[in-house]
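S.K.: Got a structure for you, written out below as structure tokens; questions coming shortly.
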């Protein structure tokens with residue numbers, strides 16, 4: 001399909017931008033530390049965090065650790081679809097739904113978050129880089145949530161929700177709470193995979209129709225899928241005693257206790273994003289399962305839950 005080919009080219013080009021930053025960051029590490037081994041870099045980072053270790057660019061001095069951290073973060077922005085390099089994520093929904101569930105919930109898009117958490121001893125020596133990470137993550141969570149409420153494609157709504165949740169993970173790293181970020185990453189992988197696979201079940205039952213406006217009334221026809229999607233959506237919005245509640249609530253609580261401009265910025269944008277997340281999640285459930293049907297009669301007659309095996 002033409003759209004799938006275009007989406008593949010776009011994903012490749014956008015990822016190359018992030019990879020360029022990552023490659024420069026690795027080169028910077030090698031230039032300063034003479035190695036790319038994590039344990040050696042972390043052991044020597046304190047010695048190189050002094051202001052007299054710098055890179056010169058255009059006759060200007062830049063603190064070496066800060067430059068390396070920001071370049072590594074550009075790599076994370078490209079991989080984790082943060083604001084600016086997010087455009088490939090919705091287009092990647094052209095791929096098969098099980099692939100979306102695997103790649104866009106658990107593996108590839110979370111690689112950037114994991115890389116920041118893995119390099120956390122290095123990032124702790126650069127307060128400037130942490131502030132940049134916090135602002136970018138908070139803006140991404142807000143931007144993606146507000147964009148998600150305007151989408152009509154079932155999988156694109158879930159794609160933008162992934163982008164929004166990645167923003168939460170990134171700004172959790174920015175406020176130096178890496179363990180909570182990884183906790184949210186693990187929780188998110190489970191309920192987002194559930195949402196993607198449930199969306200795939202709906203699309204399969206509706207003869208490959210992805211437009212939510214052409215669905216409706218599927219709760220009685222797809223009861224198991226509806227139950228799974230409801231559970232996944234409640235986890236996504238942070239409903240009490242669901243998985244998302246424990247990690248997302250802790251991220252916002254920790255942002256609130258950071259008495260800095262970046263911490264307050266992250267808390268308020270994150271809190272507003274929770275409202276938009278609830279809105280688009282329930283909009284998705286309503287248009288797909290609860291509204292009056294707008295489907296063709298032949299699709300409704302053939303509609304049924306996929307068998308267990």
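Even glycines carry a Cβ here, placed using N, Cα and C.
Below are the features listed in TrEMBL for this protein:
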type	residues	note
DOMAIN	3-268	domain 'NADH:quinone oxidoreductase/Mrp antiporter transmembrane'
TRANSMEM	20-42	transmembrane segment
TRANSMEM	54-78	transmembrane segment
TRANSMEM	99-117	transmembrane segment
TRANSMEM	129-150	transmembrane segment
TRANSMEM	157-177	transmembrane segment
TRANSMEM	189-206	transmembrane segment
TRANSMEM	218-241	transmembrane segment
TRANSMEM	261-282	transmembrane segment
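Please go over these features one by one and say how buried each is and what sits next to it.
M.R.: With a cut-off of 8 Å between Cβ atoms, the residues of this chain six or more beyond the transmembrane segment (99-117) that come close are 18, 72-73, 75-82, 89, 92-93, 123, 133, 155, 159, 162, 166, 169-170, 173, 178, 181-182, 185, 188-189, 192-193, 195-197, 200.
Distant neighbours of the transmembrane segment (129-150): 65-66, 69-70, 73, 77, 82-83, 86, 116, 123, 157, 160-161, 163-176, 262-263, 265-266, 269-270, 272-273, 276-277, 279-280, 283; these residues of the same chain sit at least 6 beyond its ends, with a Cβ under 8 Å from one of its Cβ atoms.
Same-chain neighbours of the transmembrane segment (157-177): 76, 80-83, 86, 89-90, 92-93, 100, 104-105, 109-110, 112-113, 116-117, 120, 123-124, 130-145, 147-148, 151, 184-185, 188, 192, 195-196, 199, 212, 236, 248, 251, 254-255, 258, 262-263, 266, 270, 273, 277, 280-281, 283-284, counting only residues six or more beyond its ends whose CB sits under 8 Å from a CB of the stretch.
Within the chain carrying the transmembrane segment (189-206), a Cβ under 8 angstroms from the stretch's Cβ atoms is held by residues 96-98, 100-102, 104-106, 110, 154-155, 158, 161-162, 165, 214-215, 218, 221-222, 225, 228-229, 231-233, 235-236, 242-244, 288, 295, 299, 302-306, all 6 or more beyond its ends.
Below 8 angstroms of C-beta separation, residues 130-131, 134-135, 137-139, 141-142, 145-146, 148-149, 151, 157, 160-161, 164, 167-168, 171, 174-175, 233, 236-238, 248, 251-252, 255 of the same chain, each at least six residues beyond the ends of the transmembrane segment (261-282), sit close to that stretch.
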